[in-house]
Amino acid sequence: MNTVRGTFLLVFGLAASLGQADKNENRREMQKKTEQGKSYLNFAENLLLQKLEELEAKLLEKHSKKSKNSRQKRCIGKDVPCDENDPRCCSGLICLTPTLHGIWYKSYYCYKK
């Protein structure tokens, strides 16, 4: 039993004396790790910022385009006279010369494309 205790104390003493690291070495190691962590954080932050800017650009692009659900205002309906220089026909209509009806009124009407 005494040999076990003696061996344990001997191993414990060796581990304590040889296992102690230099305090400056520990500080240097911690500084390296924190600097690496900071550089990784900066890299991740820049990457996230780029992705957010791309997403924002896509969202702004969607809002800048005309919405298909929005109603056109002040457009001219089908079979209504229009001006050839300033056609304000509704979407899906085009300002053309009439074929049969309306030839004696105005020269252009809104027709389906």
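Every residue number used here counts from 1 along the chain in the order it is shown.
Glycine is treated like the rest: Cβ placed from N, Cα and C.
Between Cys95 and the candidates Cys75, Cys82, Swiss-Prot records the disulphide bond with Cys82. Per Swiss-Prot, the residue from Cys89, Cys90 that shares a disulphide bond with Cys110 is Cys89. In the three-state DSSP reading, Cys75 (disulfide bond) counts as coil.
According to DSSP, Cys89 (disulfide bond) is assigned to a strand segment. By a simple count of nearby Cβ atoms, those within 10 Å, the most crowded of the disulfide-bonded residues Cys75, Cys89, Cys90 is Cys89.
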